[in-house]
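Each remark here refers to the structure printed beneath this line.
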Amino acid sequence: MPTLAVDNFNIVCATLGGFIAVFGLVSYLLKEHFYLGEALISMVAGIIFGPNATNWIRPDEYALGNPETLETITLYFTRLVLGVQLVIAGIQLPSKYLWKEWRSLAWLLGPGMTAMWLSSALLIWALVPNFRFLYALAVASCITPTDPVLSNSIVKGKFADKNIPRPLQRIIIAESGSNDGLGYPFLFLPLYLIKYVEHGGAGSPGGAGAAMGKWFYETWAYQILLSLAYGALVGWLAKELLHWAEERRYVDRESFLVFAVALALFIVGTLGMIGSDDVLACFIAGNTFTWDDWFRVETQDDSLQPTIDMLLNVSIFIWFGAVAPWYLFAHNNVIPIYRLIFIGILILLFRRLPAILLMHKRIHQIEEWRQAAFVGYFGPMGVSAIFYLYITLEFLRNEVDFQDHERDDAVQLGEVMTVVVWFVVICSIVVHGLSIPLTKLGIWLPRTLSFAQTQSFSRNPSTQRPVPSDDPEEPRVRSLHIERALKNLPANPLPRALQRSFSRVTSTSGTPVHPSAVEARGRTSEQKQKNGKANEKKGRVFGGGGPNPTISAPTDGRVIDRPQVKNPGGLAVPGAGEEGEEGARTPVERTIRFPDEEGEGSGTGLGQGQEMGKKGGGENEVDKERVPPLKEQEGTANAERDV
């Protein structure tokens with residue numbers, strides 16, 4: 001007997017598949033017409049499907065009721081999405097982009113990230129009660145990097161193609177990919193100082209010297225430098241191996257397209273096992289993998305990578321909407337809700353914008369202050385901030401302890417980080433997701449209202465009639481003005497030069513000739529005779545021999561009728577007559593053959609000379625015989641000269 005199996009796996013598959021299918025039906029409308037990104041829509045769907053609404057997605061049950069397990073699931077999910085996204089972001093950049101644009105990136109990753117870190121820390125320190133500046137630096141380090149997932153959605157699509165220059169798009173992608181991995185030094189400097197210095201280094205003796213040693217050795221050497229070298233090496237080896245396999249026809253199209261995703265998974269897994277910075281290594285490997293632009297050019301018209309990218313984005317933001325601590329925003333012991341709102345607003349305004357405005361002249365991709373304002377405002381925080389949040393919570397739980405218990409200051413820091421980072425990320429998703437639609441609405445709405453008012457004004461009959469005047473003399477005065485204006489008009493308003501030109505080149509039917517023909521007829525008969533004598537002396541033969549007639553327009557003001565003939569395709573060819581008709585012109589055949597026309601036969605030369613002669617009454621006629629090739633003409637001329 002059939003039984004219902006309403007378990008978590010079936011519910012998740014039905015919910016996720018149904019949402020992606022419904023979203024796909026209107027995805028173009030939402031993205032390209034309403035400029036709504038998939039991140040905001042997916043997060044709203046996660047809120048609806050999550051425990052706070054329908055409870056179809058139940059993160060606590062998946063984690064078996066253990067908060068640490070839920071944090072670990074979220075951490076690994078963000079690692080996976082960032083790894084794939086950063087490899088794809090590195091592939092999108094042109095050949096040797098990081099090497100060529102290192103000056104601009106140095107300004108963004110050095111002074112830019114430092115300014116974002118310090119400004120965010122100052123705001124958090126000022127608004128969180130009873131919070132020291134060192135702890136504020138740890139919280140600010142999570143929101144310092146710009147998110148590559150949200151940045152990628154901003155620099156793609158119709159709005160980006162119309163309004164964001166291509167160099168600016170590339171520098172935003174490069175910055176968001178690089179500073180994600182470079183967030184480790186900003187994070188672990190305050191964390192090591194908290195561990196070894198705060199509370200007298202309880203449970204971790206060594207002081208500031210041990211903290212700085214750990215920071216240089218473990219963070220810079222083991223995580224940053226090792227990940228740079230590992231990513232470059234793996235990316236270069238993958239490029240060479242794929243070249244080798246493709247040249248020998250060992251790889252099929254499907255495996256070729258999915259190779260970048262496989263490379264991302266390999267780097268995330270291997271560097272995760274040795275505990276290094278897999279995020280930075282993925283971006284470096286992606287850019288090294290397409291160092292010669294070969295793979296990027298081969299896959300730029302393919303949709304497999306964007307499809308995988310979209311599936312991961314939708315899934316991660318649905319998960320964010322379900323696992324975000326919505327209840328803690330208003331019910332916590334560390335910061336009241338009104339201060340939290342001020343933190344979200346001020347960080348969006350002052351975290352990045354002042355620094356970019358101050359140094360935008362050093363970055364050649366930013367050409368004016370409007371572009372600087374755009375780059376400074378659109379520094380979204382999303383997946384990378386949540387990734388660093390759970391990296392920090394794991395470090396505090398396992399490293400900052402005293403007598404086998406987590407220290408009190410570490411517990412407080414974890415609570416503040418959870419509330420502040422999650423709230424700022426949600427603010428960034430909502431504000432940056434709605435900025436472009438609201439901007440377009442602010443431009444479109446006044447124009448629409450103005451157009452509607454204009455239409456209603458033009459359709460109102462009372463507004464179209466002139467207001468009658470009470471003065472009885474007004475009609476008579478108006479008629480006098482019109483009569484005087486008509487008398488002052490010249491008999492022929494055209495200038496005399498144009499009058500002479502038109503009278504000279506107009507046919508009996510009154511049809512004017514093109515101005516180029518007017519210019520051609522301006523030649524004197526003496527020049528024509530000189531041209532004929534020169535051609536006769538050279539012995540250049542055209543068809544039947546004799547002097548070369550000068551091809552020019554007639555001087556008696558006539559227009560040569562150019563009868564139309566239909567080619568086999570049914571199109572009229574000007575200057576050609578029906579076959580057998582007197583005065584017919586042979587259709588000119590072209591010599592240029594496009595690749596899809598090869599093998600269809602070759603025609604005569606385009607514009608090849610044709611024999612012309614005169615026939616009774618001075619009427620011009622085109623002979624139907626073709627002109628011999630140039631070499632044949634020269635041979636005939638040499639033979640006549642020898643005789």
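Backbone N, Cα and C define each Cβ position, glycine as well.
What TrEMBL lists as compositional bias 'Polar residues' is 455-466.
If you look up TrEMBL, you'll see 520-539 (among others) marked as compositional bias 'Basic and acidic residues'.
Feature annotation from TrEMBL assigns compositional bias 'Basic and acidic residues' to 582-596 (among others).
The compositional bias 'Gly residues' annotation in TrEMBL covers 601-610.
Residues or ranges marked as compositional bias 'Basic and acidic residues' in TrEMBL: 612-643 (among others).
The feature domain 'Cation/H+ exchanger transmembrane' is assigned by TrEMBL to 25-437.
The region 'Disordered' annotation in TrEMBL covers 455-477 (among others).
Per TrEMBL, the feature region 'Disordered' maps to 503-643 (among others).
The annotation transmembrane segment is assigned in TrEMBL to 6-28 (among others). Counting residues 6+ beyond its ends, the transmembrane segment (6-28) has Cβ neighbours under 8 Å at 38, 41-42, 45, 49, 56-58, 61-62, 311, 314-315, 318 in the same chain.
Among the features that TrEMBL reports, transmembrane segment is placed at 35-53 (among others). Below 8 angstroms of C-beta separation, residues 15, 19, 23, 27, 59-60, 149-150, 153-154, 157, 159, 310, 313-324, 326, 382, 426, 429-430, 433-434, 436-437, 440 of the same chain, each at least six residues beyond the ends of the transmembrane segment (35-53), sit close to that stretch.
Long-range Cβ contacts of the transmembrane segment (73-93) within its own chain (Cβ-Cβ under 8 Å, at least 6 residues beyond either end) map to 59, 62-63, 148-149, 152, 170, 173-174, 176-177, 180-181, 235, 260-261, 263-265, 267-268, 272, 278-279, 282-290, 295-296, 299, 305, 308-309, 312-313, 315-316, 319, 323, 383-384, 386-387, 390-391, 394. Here TrEMBL flags 73-93 (among others) as transmembrane segment.
Cβ atoms under 8 Å from those of the transmembrane segment (105-127) belong to residues 98, 133, 136-137, 139-141, 143-145, 171, 174-175, 178-179, 182-183, 186, 335, 339, 342-343, 346-347, 350-352, 354-356, 359, 362-363, 379, 420 of the same chain, restricted to positions at least 6 beyond its ends. What TrEMBL lists as transmembrane segment is 105-127 (among others).
According to TrEMBL, the feature transmembrane segment maps to 220-238 (among others). Panel annotation: around the transmembrane segment (220-238), residues 90, 181-182, 184-185, 259, 263, 266-267, 270-271, 275-289, 291 of the same chain, lying at least six beyond its termini, place a Cβ under 8 Å from a Cβ of the stretch.
Sequence annotations record features per position, and here TrEMBL assigns transmembrane segment to 258-289 (among others).
Feature annotation from TrEMBL assigns transmembrane segment to 310-329 (among others). Nonlocal intrachain contacts for the transmembrane segment (310-329), taken as residues 6+ away from its ends with a CB within less than 8 angstroms of a stretch CB, comprise 16, 19-20, 23, 38-40, 42-52, 57, 59, 70, 74, 77-78, 80-81, 84-85, 149, 153, 337, 340, 383, 386, 418-419, 422-423, 425-426, 429.
Tertiary proximity for the transmembrane segment (335-353) is limited to same-chain residues at least six positions away from its ends with a CB under 8 Å from its CB atoms, namely 112, 115-116, 119-120, 123-124, 127-129, 143, 146, 329, 373, 376-377, 379, 416, 419-420, 423-424, 427-428, 431. Taken from TrEMBL, the feature transmembrane segment applies to 335-353 (among others).
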Contacting positions for the transmembrane segment (416-438) when only residues 6+ beyond its ends and CB under 8 Å are counted: 34-37, 39-40, 43, 124, 128, 131, 135, 138-139, 142-143, 147, 150, 154, 159, 317, 320, 324-325, 328-329, 332, 334-335, 340, 343-345, 347-348, 377-378, 380-382, 385-386, 389, 392-393
